[in-house]
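Inspection log for the structure reproduced underneath, given as structure tokens.
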Amino acid sequence: MTRPVTARVPAKVNVQLAVGGLRPDGFHDLANVFLAVGLYDEVTATPADSLRITVSGADADQVPPDRTNLAARAALALAGRHGVDPAVHLHIAKDIPVAGGMAGGSADAAGALLACDALWGTGSSREELLALCAELGSDVPFSLVGGAALGRGRGELLDPLATGAAFHWVFAVADGGLSTPAVYRECDRLREASGTGATVEDIADPEPSPALLEALRTGDPAALAAAVTNDLQPAALSLRPSLAETLRAGADAGALASLVSGSGPTCAFLAKDTEAAEAVAAGLAASGTCRAVRTASGPAPGATVLAD
Ligand code: C5P
């Protein structure tokens, strides 16, 4: 009997999410600066009679335990590539907020790939794994590599970025998720309504901010706070107006920067150090503007197989 394999995979926050116009294929070109943070899901792969998914954790009931789950699709894609029978039980221990804008589903896909590759001895190269990740979703390659990276294209073309220090974050978890496609659609709708148009012909190519990359490189939280941006934030706020109160509560509690994480609805708050992060977390918890508060720092390592 082969031993189970567990992969641990981090959440992410986008410190810059510059969104270009809508492409003919339905995606948007991005300048997407990812930072992996120390909130993790764990995916355990165990031999079984057939593909089976189970999920544990606070939001487990919101995760589909079937073949629509991105982790199941990852296992099927790897098995298909190598002609292996996808007879595996995948257990997902969730700690990353579900549908929260922190790449929880992408993390589970990257974890399933890594765990199944080790379980089945399929010995995929890093390049093969990255190509499979990109087929599964725009954020999945970053879940595999972690750290900090600039994502171009639809977010899947990654260049690693140097970071001079750990950055300390507080996350306000909202009640219920937001659908990523719905947030992108709302971004397009708001652009149309403002008269700019929403397609690649109308919107300038997204570019990374030199000031932001420099702040990451030097590890300066105040400089990073001054440079963070998220082009999806107006759309997330339009769909979930109550997030404005959450953002204000974090700012009132002393955060250096307050922003929606990715497509939301999780809100991210940058703090000077761990002590300041604890104070922001306490202020947010007392504000009653979110369901739960978490602290985590980044960059965190990408998907990793845990030793037994
Ligand atoms: O790549 P992924 O499957 O995660 O994307 C989910 C949806 O988010 C896409 O179908 C698309 O509607 C939207 N999206 C986008 N542009 C991107 C990434 C995602 O419009 N760069």
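Glycine residues also receive a Cβ, built from the backbone N, Cα and C atoms like all the rest.
Any TrEMBL annotation is an automated prediction that lacks curation.
Quick caveat, the model's predicted, so the values are computed rather than measured.
Positions annotated as active site by TrEMBL: Lys12, Asp139. Annotation source TrEMBL lists ATP binding site at Pro97, Val98, Ala99, Gly100, Gly101, Met102, Ala103, Gly104, Gly105, Ser106, Ala107. Taken from TrEMBL, the feature domain 'GHMP kinase N-terminal' covers 69-147. If you look up TrEMBL, you'll see 212-287 marked as domain 'GHMP kinase C-terminal'.
Sitting within 8 Å of the Cβ centre of Pro97, Val98, Ala99, Gly100, Gly101, Met102, Ala103, Gly104, Gly105, Ser106, Ala107, and not among those site residues for ATP, are the Cβ atoms of Ala11, Ile96, Gly177, Thr266. Counting in whole angstrom, Asp139 (active site) lies 7 from Ala103 (ATP binding site) by their C-alpha atoms. Lys12 (active site) is 11 Å away from Gly105 (ATP binding site) when you measure Cα to Cα. Counted over every protein chain shown, other Cβ atoms within 10 Å are most numerous around Ala107 among the binding-site residues Ala103, Ala107. For the pair Ala99 (ATP binding site) and Lys12 (active site), the C-alpha distance works out to 13 angstrom. With DSSP states grouped into helix (H, G, I), strand (E, B) and coil, the domain 'GHMP kinase N-terminal' (69-147) comes out at 47 helix, 7 strand, 25 coil. Most Cβ neighbours within 10 Å among the binding-site residues Gly101, Gly105: this distinction goes to Gly101. Sorting each residue of the domain 'GHMP kinase C-terminal' (212-287) by its DSSP state yields 45 helix, 11 strand, 20 coil.
Of all Cβ atoms in the protein chains displayed, 20 besides its own lie within 10 Å of the Cβ of Ala99 (ATP binding site). Cβ neighbours of Pro97 (ATP binding site) (same chain, under 8 Å, six or more residues apart in sequence): Ala11, Asp59, Gly104, Phe171, Val173, Ala174, Gly177, Thr266.
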